[in-house]
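Note sheet for the following structure.
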Amino acid sequence: MDRFDAFLDSARTTDEIERASTSKIARRWSETERQRGGVVARGVSQRTATLLTDVSDDESDARGRQTLAWKTTKLLPMKELFLEQQSRRDLLALGGESVLSADGVRVNPSKSIEFVLMMRGFEDCGDAKDVTTAMLREARGTCGYFVNVSADDITASVEHTATIENDNEQGADDEAGESASSTRHVFAQAFYAKHSIVVPHEMSSFQRRRCVLMARLNSQMRALDDSVDSVDRHRPQFVAIVLGDPSEPPTKNVFATSHTIATMLSDSDFVDEALDCEDEKHFRELVMAYMKRGISPPVVFENDLSRVRFTPRRVGSCIVGDLRRRLPVYVSDWTDAWANVDTFIRVLSTTVWLASTTFIPALAIGLSMQSDSSRRMTHVDFLLSEAVCGIAFSIFGGQPLLILRVSGPIKTFLNVVRIFAESIECDFVAFYGFVGIYAGVMVLTFAMLNGAEYMLCINRFTQENLALFAAVTFIFNGFNAMATMREMISDDATFLKYFILHLGTVLTAFKILEFRRNAAVHMSLRMVIADLAPLITVLCVTGLSYAFPNVSVNRVSAALYNLPIWPTLVDLSSVSSSARALALVPASVLAVQIVLESNISAMLASRPHNKLAKGSAYNWDLFIMGIFTITMATFGLPPSIPALPHSAIHTVLLSKTTESARHGVIRTNVRRATETRVTNFIAHLITLIITLRYRSTFGRIPIASLSGFLVYMGLSSLGSNQMISRLPLLGNVVPSRFLRHVTKRTIHAYTAIQFLYFGAIFGCSMTVHRAPGFAVVYPLILASSVPFSHKILPRLLGDYHAHVLTTAVREENMVGLFY
């Protein structure tokens with residue numbers, strides 16, 4: 001308690017806003033406790049546990065049940081009034097005029113809020129209920145829609161029992177004193193600021209959208225809730241009551257509006273002037289002067305490129321720095337998995353999740369590629385590439401939390417290379433061998449030149465386009481596989497069963513996903529379901545496929561016929577000299593794609609809120625990717641690179657986390673990270689063993705289940721993509737920071753630009769059959785989005801708006817609590 005009281009003492013000198021909630025309870029305390037004036041209702045104090053009597057709503061019940069009081073106090077930062085769009089429009093509505101911002105844009109007052117000012121002052125204020133009643137009475141004289149607003153709903157009654165000492169000398173044998181009871185009223189919930197209290201109150205029956213009553217007090221309120229003293233010794237001289245409908249959006253509800261008013265009333269200069277205002281007109285003029293002072297200076301922010309060091313360094317210096325950072329903790333990367341029982345259980349469950357969520361997608365994508373390439377590159381090649389690269393990376397890699405996969409965009413690029421090779425009448429696998437070797441050398445050179453530092457320029461504009469491209473690629477491959485099977489299957493009953501299994505996989509996976517997000521289910525059970533979700537889905541559909549045995553089912557075992565166990569070296573001598581030279585074109589594009597995907601995955605896995613403590617190794621990991629790409633190409637295997645979303649999810653699953661459920665959304669917060677190589681090593685070792693020794697086991701899986709799983713992966717990724725959530729036609733809520741700092745018109749313009757860029761990328765990749773030479777450059781279009789977002793986008797949307805929209809979303813410390 002001493003440390004807590006010290007914290008409160010330090011908070012008294014700050015201008016931060018406090019919001020306290022008080023239950024409608026009857027509270028008993030001694031006179032000594034009342035004089036101490038603490039912040040938290042004393043359900044438990046240093047000396048005694050204080051009992052409270054909750055007055056029953058049933059008047060016939062003479063007994064009161066004893067309870068403990070619970071009251072919370074939260075310190076909030078000031079709002080960025082002059083940057084947040086709705087806040088400054090609300091205050092301009094109070095001032096009654098528009099204003100010209102620093103960037104030359106006129107900001108108009110909000111039309112969805114009304115202010116009723118009472119600046120003549122109230123005498124003999126009394127307690128909270130007296131002030132509220134007086135404000136409502138005066139407001140009803142100007143507007144008739146305050147008739148249904150009651151002061152009893154805004155305030156809470158508290159029974160106060162004080163002990164009075166007995167000074168009667170003859171009453172030595174009597175009690176030490178007498179008890180005197182009284183009832184006082186406090187605000188049920190309020191924002192406390194310097195010299196002011198702002199009270200939010202939601203009413204579903206309120207006839208207006210938002211209305212703010214603001215009053216100046218000529219005398220101090222009596223019997224005030226002592227939470228005010230926890231922030232500031234001053235007694236309030238301004239009271240504001242914010243009324244509104246609960247259905248208002250997050251930036252316009254009563255809590256957001258109250259936060260805006262409280263921030264303005266925390267400004268010492270403004271309050272000093274407002275205390276001397278003559279009338280309502282003078283108060284509005286002071287508000288306009290306050291807004292003009294704050295909105296005039298240009299917005300100053302740190303440019304994203306300031307993190308990048310453009311000065312040249314010695315060749316390989318960053319790789320050496322990565323190794324110096326990671327080698328001292330290499331042993332702990334293995335031993336941390338066995339630190340304690342809790343960590344070991346997380347490692348075990350994450351290993352199961354990793355093994356299932358990498359094996360099944362690799363099998364599905366590999367079968368799609370096997371069908372497209374006429375068995376020149378098979379699903380076994382995909383599985384072996386992921387298994388071998390995953391095991392090697394867990395041993396030699398820098399950041400062990402990265403998951404190497406043959407991603408959807410890589411599979412799309414391999415298809416482009418295949419058609420490009422066919423157009424020049426060259427063997428696909430041999431031509432890809434030169435492409436992979438050239439690309440690996442380019443990635444090695446890029447890493448040696450410390451190129452990963454420049455990847456800090458990548459922002460949300462490029463990340464979201466890549467994520468959307470990967471999701472749409474999965475969906476396209478899933479439906480393309482079904483269309484291919486329709487051409488191969490002549491029997492309608494067989495195709496109908498294929499379609500049912502395909503659709504059943506998608507529906508079953510989404511049902512399991514809903515179960516995983518159910519806050520009513522225990523966290524441990526949800527973790528088990530999350531880890532086994534892909535395996536459960538495929539097993540259920542595989543079991544269903546044995547129904548109606550008279551109707552045949554195409555299974556993976558048919559695709560395994562006559563496939564070698566180990567790959568062999570590619571015969572590179574069959575490629576002509578001209579084809580070898582042409583291979584440089586797709587090789588340079590593949591190198592760009594590897595660099596982009598690898599670094600974006602590494603950046604998302606190493607985000608600050610994941611709390612990784614052992615350091616990054618961007619350039620060393622990129623160097624390893626170059627070696628892996630060359631090695632895989634010489635054996636005709638596809639390249640495995642760090643991919644989304646597995647790398648970021650793997651980081652969170654291994655961490656010690658807590659969950660909170662607000663507004664039906666489960667939020668995961670990382671408390672402590674676990675950086676280990678064990679999960680990556682064991683999961684890919686399992687994949688390697690199954691691929692080499694137990695092919696007949698996964699050969700029973702129906703192909704329809706795998707094509708459906710591709711569709712599910714794409715659709716589930718779309719649900720978490722911010723580009724999709726910002727589409728106005730879907731009616732989704734835009735992330736709150738965007739809404740606070742940028743107008744909706746600007747957000748929609750930014751989203752439209754993003755979709756135009758995505759359309760160019762996806763459209764270019766779809767021209768592979770007509771113009772393979774043009775389709776091969778689609779990764780360059782994706783790479784061009786990086787300079788576009790830094791140079792062109794600020795000219796289109798404005799420097800500050802482009803900065804807000806393209807930088808990572810910071811943690812919202814207020815939205816989840818109140819609005």
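Counting starts with 1 at the first residue shown.
Note that Cβ sites are derived from N, Cα and C of the backbone, with glycine treated the same way.
The annotation domain 'Bicarbonate transporter-like transmembrane' is assigned in TrEMBL to 319-485 (among others).
Taken from TrEMBL, the feature transmembrane segment applies to 352-370 (among others). Distant neighbours of the transmembrane segment (352-370): 377-383, 386, 390, 403, 405-406, 408, 411, 414-415, 477-478, 480-481, 530-535, 538, 556, 559, 638, 646, 650, 653, 679-680, 682-684, 686-687, 690, 698, 701, 703, 706-707, 709-710, 713; these residues of the same chain sit at least 6 beyond its ends, with a Cβ under 8 Å from one of its Cβ atoms.
Summarising the annotation, TrEMBL assigns transmembrane segment to 382-408 (among others).
Annotation source TrEMBL lists transmembrane segment at 428-452 (among others).
If you look up TrEMBL, you'll see 464-483 (among others) marked as transmembrane segment.
Marked as domain 'Bicarbonate transporter-like transmembrane' by TrEMBL: 492-797 (among others).
Proximity of distant same-chain residues to the transmembrane segment (495-513), defined by a Cβ-Cβ separation under 8 Å and at least 6 residues beyond the stretch ends, is recorded for 478, 482, 485-486, 489, 529, 533-534, 536-538, 540-541, 544-545, 548, 551, 553-554, 702-705, 707-709, 711-712, 715-716. According to TrEMBL, the feature transmembrane segment maps to 495-513 (among others).
The transmembrane segment annotation in TrEMBL covers 525-548 (among others). With a cut-off of 8 Å between Cβ atoms, the residues of this chain six or more beyond the transmembrane segment (525-548) that come close are 349-350, 352-353, 356-357, 360-361, 497, 501, 504-505, 508-509, 512-513, 515-516, 518, 555, 700-702, 704-706, 708-709, 712.
The transmembrane segment feature in TrEMBL is assigned to 577-596 (among others). Here the transmembrane segment (577-596) has long-range neighbours at 409-410, 413, 416-417, 420-421, 424, 426, 431, 434-440, 442-443, 446, 451, 455, 458, 462, 466, 622, 625, 629, 639, 641, 773, 776-780, 782-783, meaning same-chain residues at least 6 beyond its ends whose C-beta is under 8 angstroms from one of its own.
Per TrEMBL, the feature transmembrane segment maps to 617-637 (among others). For the transmembrane segment (617-637), the residues of the chain that approach it from at least six positions outside its boundaries are 318-319, 321-323, 325-326, 377, 381-382, 384-385, 388-389, 392-393, 396-399, 402, 404, 429, 432-437, 439-448, 450-453, 455, 567-570, 572, 590, 594-595, 598-599, 602, judged by C-beta separation under 8 angstroms.
Taking Cβ pairs closer than 8 Å, the transmembrane segment (701-719) reaches residues 360-361, 363-365, 367-368, 408, 467-468, 470-479, 481-482, 485, 497-506, 509-510, 513, 534, 537-538, 541-542, 545, 553-556, 559, 645 in its own chain, all 6 or more past its ends. Under the heading transmembrane segment, TrEMBL lists 701-719 (among others).
Residues 412, 415-416, 419-420, 461, 464-465, 468-469, 472, 723, 726-728, 734, 738-739, 774-775, 777-778, 781-782, 785, 788, 793, 796-797, 801-802, 805 of the same chain sit 6 or more residues outside the transmembrane segment (747-768) yet have a Cβ under 8 Å from a Cβ within it. Feature annotation from TrEMBL assigns transmembrane segment to 747-768 (among others).
Residues 313, 315-319, 373, 376-377, 414, 417-418, 420-422, 570-572, 574-575, 579-580, 583-584, 586-588, 590-591, 594-595, 599, 618-623, 625-634, 636, 639 of the same chain lie 6 or more positions beyond the ends of the transmembrane segment (428-452) yet place their CB under 8 Å from a CB of it.
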